Amino acid sequence: MSLQMVTVSNNVALIQPGFSLMNFDGQVFFFGQKGWPKRSCPTGVFHFDVKHNHLKLKPAVFSKDSCYLPPLRYPATCIFRGSLESGKHEYIIHGGKTPNNELSDKIYVMSVVGKNNKKVTFRCTEKDLEGDVPEARYGHSIDMVYSQGRSMGVLFGGRSYIPAAQRTTEKWNSVADCLPHVFLVDFEFGCSTSYLLPELQDGLSFHVSIARNDTIYILGGHSLANNIRPANLYKIKVDLPLGSPAVSCTVLPGGISVSSAILTQTKSDEFVIVGGYQLENQKRLVCNTVSFEGDKIEIHEMETPDWTPDIKHSKIWFGSNMGNGTVFLGIPGDNKQATSEAFYFYTLKCVEDDANEDQKTLANSQTSTEDPGDSTPFEDSEEFCFSAEANSFDGDDEFDTYNEDDEEDESETGYWITCCPTCDVDVNTWVPFYSTELNKPAMIYCSHGDGHWVHAQCMDLAEHTLIHLSEGSNKYYCNEHVKIARALQTPKKAPPLKKPPLKSLHKKGPGKILTPAKKSFLRRLFD
């Protein structure tokens with residue numbers, strides 16, 4: 001597993017908790033900005049172009065026969081194919097929050113209708129349902145099952161606003177768990193049927209769901225009513241004969257306690273669970289592999305990624321699955337600095353670059369976490385922001401101990417040279433504050449005199465400023481030599497000297513007598 005920091009060149013403010021990523025034939029698209037779409041991109045859907053750890057968001061285009069698709073955060077999404085063997089796929093989008101904090105009960109289908117080297121054209125259609133229509137919700141899951149040549153959507157879990165009759169001024173926007181009903185949705189005929197299974201007693205949201213053929217596996221999740229993350233593992237089997245469908249549920253051992261985790265597929269029969277929370281005030285830094293052999297499912301802990309200190313210390317994190325075994329992660333920025341970014345982003349690759357990317361099994365998870373600015377206190381606090389500030393962190397984690405064998409060549413980098421008389425960084429107890437300290441260097445080169453290294457921690461700089469200065473193309477002066485930089489300011493331009501016009505030299509009078517030499521010079525000049 002490899003973790004890389006990603007820089008965002010434009011539209012970085014669009015990436016907020018609750019977004020979704022959709023992968024169409026290897027091209028990733030972003031959906032779910034926090035505000036209403038602008039004129040520059042009326043669709044609110046962007047091509048998510050990541051190259052060399054640099055992200056660009058490019059507006060996408062929709063066909064003229066598309067319906068309007070509002071920006072929805074925390075929706076349920078899944079891939080829909082006509083059959084398991086079908087190469088072409090569409091995305092199903094259900095529920096989610098609008099920028100006005102209203103919940104949606106609509107179902108949208110997104111498909112690609114045009115593609116060239118410069119742009120991809122989408123078509124979005126709205127599906128009307130009859131029968132047991134699922135109520136508006138968010139934090140739920142929707143998956144596709146395939147049985148006996150037929151396909152059905154399976155919708156489960158989520159949260160919704162409390163009924164209007166139960167609302168008061170104090171809890172007008174409060175949410176509650178949706179009833180633990182399982183909905184079967186037929187997208188061909190536009191009908192929905194709900195099932196109440198005795199094994200499913202409590203509502204769940206922000207859980208992980210995995211679809212394999214005619215079976216859905218539900219892992220983890222959070223019960224808002226009980227404020228617990230049960231370590232349950234449910235197996236929901238759907239049989240689709242010509243008559244009425246048959247739905248059954250089995251409780252399996254070996255589940256895990258996690259909510260808001262991200263699921264990505266690494267092989268046809270293997271998945272990786274990344275991120276999430278295991279307690280109300282504790283992120284889950286452990287990753288798990290979920291492997292299948294026939295009808296048998298096994299969940300094991302795997303080697304932990306080399307999380308950076310800022311990821312470890314952040315109270316919240318969020319992200320989504322990019323496909324092909326890659327996860328996109330975001331954490332809050334350091335808002336102590338006036339120029340700090342709102343969020344910092346990373347990509348986590350769970351497979352090697354030459355791994356098999358043929359993924360026939362469909363997978364989904366409720367990955368994005370709630371935004372603290374949108375809801376009443378504690379409404380979804382267990383999923384996004386806890387008792388402390390979003391960017392604060394505890395100092396209980398053990399610090400990395402410096403080991404000179406870990407350094408490549410200190411004679412060239414000067415990594416642990418004392419930078420200035422006021423430097424108090426202990427080289428034997430290295431406190432990595434910036435993520436760039438995990439590659440190099442976490443020092444800045446002062447331009448004064450012959451130059452000297454300055455520890456980044458002593459400068460109290462925002463991380464993006466450190467990265468910019470570390471590129472080596474900037475003149476930089478540390479705190480002790482900043483007066484020199486001010487003295488080197490460009491001097492004011494002196495006004496040009498006024499020269500008398502040449503024609504005045506032809507005038508005769510006092511002081512204007514032309515000698516023969518001057519007359520000869522002027523003739524040569526004007527001839």
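Glycine residues also receive a Cβ, built from the backbone N, Cα and C atoms like all the rest.
Please treat TrEMBL annotations as automatic predictions, because they have not gone through curation.
Keep in mind that what you see is a predicted model, and the values were worked out from it rather than measured.
Residues or ranges marked as region 'Disordered' in TrEMBL: 359-380, 489-513. Annotated compositional bias 'Acidic residues' per TrEMBL: 371-380, in sequence order. Taken from TrEMBL, the feature domain 'Recombination activating protein 2 PHD' applies to 414-491. Residues or ranges marked as Zn(2+) 1 binding site in TrEMBL: Cys419, Cys423, His455, Cys458. Sequence annotations record features per position, and here TrEMBL assigns compositional bias 'Basic residues' to 500-510.
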*Specify the count of other C-beta atoms within 10 Å of the C-beta of His455 (Zn(2+) 1 binding site).*
22
*Neighbour tally for Cys458 (Zn(2+) 1 binding site), based on other Cβ positions within 10 Å of its Cβ*: 18
*Across the domain 'Recombination activating protein 2 PHD' (414-491), what does the pLDDT come to on average, as a whole number?*
62
*asked:* At a 10 Å cut-off from the C-beta of Cys423 (Zn(2+) 1 binding site), count the other C-beta atoms across all protein chains.
replied: 14
